[in-house]
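*Asks:* Structure below; questions to follow.
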Amino acid sequence: MVEPSEKPNTQNDDVSKQEIRNPVSSSSSTSDKEKVAKKGNSDATKSLTPEDLDAQLAHLPEHEREILKQQLFIPEVKATYGTLFRYATRNDMILLAIVSLASIAAGAALPLFTVLFGSLAGTFRDIALHRITYDEFNSILTRNSLYFVYLGIAQFILLYVSTVGFIYVGEHITQKIRARYLHAILRQNIGFFDKLGAGEVTTRITADTNLIQDGISEKVGLTLTALSTFFSAFIIGYVRYWKLALICTSTIVAMVLVMGGISRFVVKSGRMTLVSYGEGGTVAEEVISSIRNATAFGTQEKLARQYEVHLREARKWGRRLQMMLGIMFGSMMAIMYSNYGLGFWMGSRFLVGGETDLSAIVNILLAIVIGSFSIGNVAPNTQAFASAISAGAKIFSTIDRVSAIDPGSDEGDTIENVEGTIEFRGIKHIYPSRPEVVVMEDINLVVPKGKTTALVGPSGSGKSTVVGLLERFYNPVAGSVFLDGRDIKTLNLRWLRQQISLVSQEPTLFGTTIFENIRLGLIGSPMENESEEQIKERIVSAAKEANAHDFVMGLPDGYATDVGQRGFLLSGGQKQRIAIARAIVSDPKILLLDEATSALDTKSEGVVQAALDAASRGRTTIVIAHRLSTIKSADNIVVIVGGRIAEQGTHDELVDKKGTYLQLVEAQKINEERGEESEDEAVLEKEKEISRQISVPAKSVNSGKYPDEDVEANLGRIDTKKSLSSVILSQKRGQEKETEYSLGTLIRFIAGFNKPERLIMLCGFFFAVLSGAGQPVQSVFFAKGITTLSLPPSLYGKLREDANFWSLMFLMLGLVQLITQSAQGVIFALCSESLIYRARSKSFRAMLRQDIAFFDLSENSTGALTSFLSTETKHLSGVSGATLGTILMVSTTLIVALTVALAFGWKLALVCISTVPVLLLCGFYRFWILAQFQTRAKKAYESSASYACEATSSIRTVASLTRENGVMEIYEGQLNDQAKKSLRSVAKSSLLYAASQSFSFFCLALGFWYGGGLLGKGEYNAFQFFLCISCVIFGSQSAGIVFSFSPDMGKAKSAAADFKRLFDRVPTIDIESPDGEKLETVEGTIEFRDVHFRYPTRPEQPVLRGLNLTVKPGQYIALVGPSGCGKSTTIALVERFYDTLSGGVYIDGKDISRLNVNSYRSHLALVSQEPTLYQGTIRDNVLLGVDRDDVPDEQVFAACKAANIYDFIMSLPDGFATVVGSKGSMLSGGQKQRIAIARALIRDPKVLLLDEATSALDSESEKVVQAALDAAAKGRTTIAVAHRLSTIQKADIIYVFDQGRIVESGTHHELLQNKGRYYELVHMQSLEKTH
């Protein structure tokens, strides 16, 4: 095979001693400093354009380029508004047609009233000229007033049908989009996820689908009603007198031009805002899912700033969008008022010329007033439609993407009897997300059926890639993989994955019971449809085989125990054993073990390894291992170095060869002579002793007491303050959820976000008031205009003069409205986007401030919190920006209109005002119902979003289990539940909304009947009547408009209460508290004095039971023991993630609970089992170890050299500026771990905590890193938790834990001589040559 020209020419022996280097060798002219300076863009979550992809893959041959492109390319969907309805069923479309007709009919009701109004105007003139009697006048007046009542009833029914129908259809279609989106996500190839963060999926499935729902629900009905009003009004105008109507229609062209020109900018800004929020969501998801790491390093501030970078970008585009909408609204109001002026001016000329009469002009003018006013109601909704289209384009681009490797496809063959012979022929592999690195080069390997083949080698050498290729997570760029002589590309993918069981290095469990988690292994197997009894037997049998049965039965709920999100309620070893049980329960033909026992302690590993050895008999097994003791008995051991096979053979053959394998063995060898005790005896002993307790959180805190009597008595004797505070804390948590806030408190709280904008907000309020006063002023001009047109023919000269004057006044009013509306639009855009920015930023910081116990609660899962950040902050803006400005504007309109009406005709005004309280009551009641509905709906969507996030972040496990259909069933069930719950609430709230909107007709009927009577008696003149009526019409409509914003206000109230609760929550261990003694220097003595501990979320499970432990300054101590025995808990207590229930942890004789937590933690550094990296460059990730930015490059380089990662970093094209991807996805486990170690070392800590710090490293790297850690530990107090005993044999003291107590302690030599528990653990990990 021809190698690419960029590949280094030589493969020297050093390669076996370090990570595989990047084949694209960096330019020698680039200095270290320059590399560090090159800041990489975190664009891992952006969908790539074809041009971007071609540029990235330009260095590869064409056929390789095509293979990688297929795995990465996301089509760009040009979404239109119609695209949003692509999943509407025939019933949906019929319902849409019905409710659309109802909306249109409801819109036609208001212009029909102008016909009645024009008719009455003629009647008023007749009575004034004594052409009809008072009785005749009264009869006509009563009949027309009844017509108003009929119109009101019709509009009530039509609006109710329209609102309920649109909300129902909107929710129904959005539900399908959510389901299709998750379905599409689950069908994508793994390379797609290497580019897409889990946080972005959460943002799409919550915030973006909510935007679509907003754009296809009740706002469509409101818009259709407004448009119908507009067109009906103009049709009526044309029927009455076409010339005048035609002249006024010219303004429509101006409106269309304004809306069309501005909406292009609106759509672009909306799209860019969503992109920025998606990237921010991924950062938030990364940080929240690794909160322990962020807390340990005190990097909350730095990570919050990283999140804010994306928020600022979103704020920039959001402001542009809102400003353009403000200017558009101002322009439309100006055009509308100019239209009035034009109508009056030309109408007066047609009247004088005898071409039409007063009745027709009044009808046309009023129709134009109402029609033009209604178009203003369309503008606020255009933003919702634009956002929906932008969100739709992003979601549909994923839905329409045809995956290169599609697990949902029915294509491909199956093999009737699988034997299990696997062959890799001429494999060359490049990961799609890192096209510059060749991971595998010319691999030829046969895995015989029924045999065990082990893969070993340095991390990053391509071992796990074998699993990825066999499972078809990726397609190789050259060569093929064969199963029983058939190319796996020709086989059905779902069927293929069902023949293979995979246990990976970091096991993923789902948020359900232990029983259901193991049962997932049966998907697609013949046993899946057996009886419940048979399935139960299989599951228990698999759990026993995997050495999980005993610990499961030790749990209060046994197999029905819920494991929590991603299994966080179990320790690493417990999770791993459940995963093994899941893998073997279906008796698979092919078993893949990718570091399957790496998370187990030595005792468990011995038994589980024996179980795996038994399970692998008679089936094809591929084992990937760093710990070589686990693969001694393999039929063939393949050593992979630098993406190539270096050597292969049995353990004995390879040891005799004295090649690379022997070097790996030597690195892990424990140099002690051991007795003759057989491993079998140790295994039997292990089975007897394995009973122990789970060491992590569960659901709720009831009390701080122990059910265990001895311990309870002990606690009663101590009766510490902390034990009491734990009880109080649990009670406080119970109360937290019940906290209710008054509306005033919440408004003050929301206003606090805009404190810096107070002055410009006052300007905005000033302009909003001026804008609001425009409507009543227009009523005065309108009444004056009608009075002018009522003048008799003898005064036509004065009529022309007055008409000219009032037409000019309308033009002036239009110009004033252009300035005031645009100004308030721009001002509130600044305020609204600042509010969203600060709310997101502060709530993210409030989350990062919380203690670890907060994140252990099931309702605070990563998905729920990420979803909260994306959706609730958007809802909060329901009382800011455009909404707040509009509410203030229409409130001013209502107040000024009613005041003017009272000033000019108090009798008629008082009668009309009497109806306004009823309107207000309807609106407020609807607001209250929507707030209730919002709270309930949010909870349902939150749980479904959290579930979707969990499924996506575990995509490899979902894919290998072929669990896609099961995930979809649960998700669709959650969506259906939510839809059923919301329908009843919608029906109630829509009833009140329809009432509040149609009540204005009853108000008009009353006003016309009573006012007409006053006019008929000669008590009022035409000016007073028309002024009062038009003021009340617009006043009532304004009240109706305020309540059309109720959904936004309802959401805002619900969101504000959630925010207030989060902000008011003061954690027990508060990083923002200045209290406590600050430590300038630390000696490093650490003591545990009779420490008892249970996790707050699982109080019935004791974890530490009277732990006593002393670490002297500079001492290196190691903690070993079975998983779940309390080792990692000890580290967590040293870090003060939790407070002890009784007893205390002391540093230099000081109780750590009385120290300032930030000051205390600054002297510690933690390297945990699962390395956590964040989006950004390698340099950024190393610098997260310190809380300052001005760290010299030399210090960064030194830390990386000490962690044995410097050479690898410098071999990358961008050096320290290399982007690590979402959660460090661009790097191997070993590379990530060494960067995490560099991050700890740059901190120069006095106390070093190593929680399985080298478990992810291969033997070669481990030896070097361990030496570096040993060197780093000098002069430092070091506590190391280890499963691999070769890493801690030089420890000053080794403590052996069992069930929360220390059962043995001493040096490595002393403990071996004791021949106790430690001796047994060492014996199991022996790497002696088998005989």
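Just so it is clear, glycine is given a Cβ too, placed from its N, Cα and C backbone atoms.
Feature table excerpt (Swiss-Prot):
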type: REGION; residues: 1-50; note: region 'Disordered'
type: COMPBIAS; residues: 31-41; note: compositional bias 'Basic and acidic residues'
type: TRANSMEM; residues: 93-113; note: transmembrane segment
type: DOMAIN; residues: 97-387; note: domain 'ABC transmembrane type-1 1'
type: TRANSMEM; residues: 147-167; note: transmembrane segment
type: TRANSMEM; residues: 219-239; note: transmembrane segment
type: TRANSMEM; residues: 242-262; note: transmembrane segment
type: CARBOHYD; residues: Asn293; note: N-linked glycosylation site
type: TRANSMEM; residues: 325-345; note: transmembrane segment
type: TRANSMEM; residues: 358-378; note: transmembrane segment
type: DOMAIN; residues: 422-667; note: domain 'ABC transporter 1'
type: CARBOHYD; residues: Asn529; note: N-linked glycosylation site
type: TRANSMEM; residues: 762-782; note: transmembrane segment
type: DOMAIN; residues: 764-1051; note: domain 'ABC transmembrane type-1 2'
type: TRANSMEM; residues: 808-828; note: transmembrane segment
type: CARBOHYD; residues: Asn860; note: N-linked glycosylation site
type: TRANSMEM; residues: 884-904; note: transmembrane segment
type: TRANSMEM; residues: 910-930; note: transmembrane segment
type: TRANSMEM; residues: 995-1015; note: transmembrane segment
type: TRANSMEM; residues: 1025-1045; note: transmembrane segment
type: DOMAIN; residues: 1086-1324; note: domain 'ABC transporter 2'
type: CARBOHYD; residues: Asn1108; note: N-linked glycosylation site
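Show me how these features fit into the shown structure, please.
*Replies:* Residues 95-96, 98-100, 102-103, 105-106, 109, 112-113, 116, 216-218, 220-221, 224-225, 986-987, 990-991, 993-995, 997-1002, 1004-1005, 1008 of the same chain lie 6 or more positions beyond the ends of the transmembrane segment (147-167) yet place their CB under 8 Å from a CB of it.
For the recorded site, Asn293 (N-linked glycosylation site), the DSSP three-state label reads helix.
Under 8 Å from some Cβ of the transmembrane segment (325-345) lie the Cβ atoms of residues 244, 247-248, 250-251, 254-255, 258-259, 262-263, 266, 364-365, 368-369, 372-373, 375-376, 379-380, 382-383, 771, 774, 778, 781-782, 785, 789, 803-804, 806-811, 813-815, 817-826, 828-829, 882, all in the same chain and six or more residues away from its ends.
In three-state terms derived from DSSP, Asn529 (N-linked glycosylation site) belongs to a helical segment. Asn529 (N-linked glycosylation site) has a Cβ environment of 9 other Cβ atoms inside 10 Å.
Following the DSSP three-state reduction, the secondary structure of Asn860 (N-linked glycosylation site) is helix. Around Asn860 (N-linked glycosylation site), the C-beta neighbours below 8 angstroms that are at least 6 residues distant in the chain are Phe854.
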*Asks:* Cβ distance under 8 Å to Asn1108 (N-linked glycosylation site), same chain, sequence separation 6 or more: which residues?
*Replies:* Phe1088, Arg1089, Asp1090, Val1091, Ile1302
*Asks:* Starting from the Cβ of Asn293 (N-linked glycosylation site), draw a 10 Å sphere and report how many other Cβ atoms land inside it.
*Replies:* 22
*Asks:* Whole-number answer please: how many Å between the C-alpha atoms of Asn293 (N-linked glycosylation site) and Asn529 (N-linked glycosylation site)?
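*Replies:* Approximately 43 Å lies between the Cα of Asn293 (N-linked glycosylation site) and that of Asn529 (N-linked glycosylation site).
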*Asks:* Counting only residues 6+ away from its ends, which parts of the chain sit with a Cβ under 8 Å from the transmembrane segment (219-239)?
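*Replies:* Answer is 99-100, 103-108, 110-112, 114-115, 159, 162-163, 165-166, 170, 245-246, 248-249, 252, 363-364, 367-368, 370-372, 374-375, 377-378, 381, 384-385, 1044.
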*Asks:* Translate the DSSP assignment of Asn1108 (N-linked glycosylation site) into the three-state scheme.
*Replies:* strand
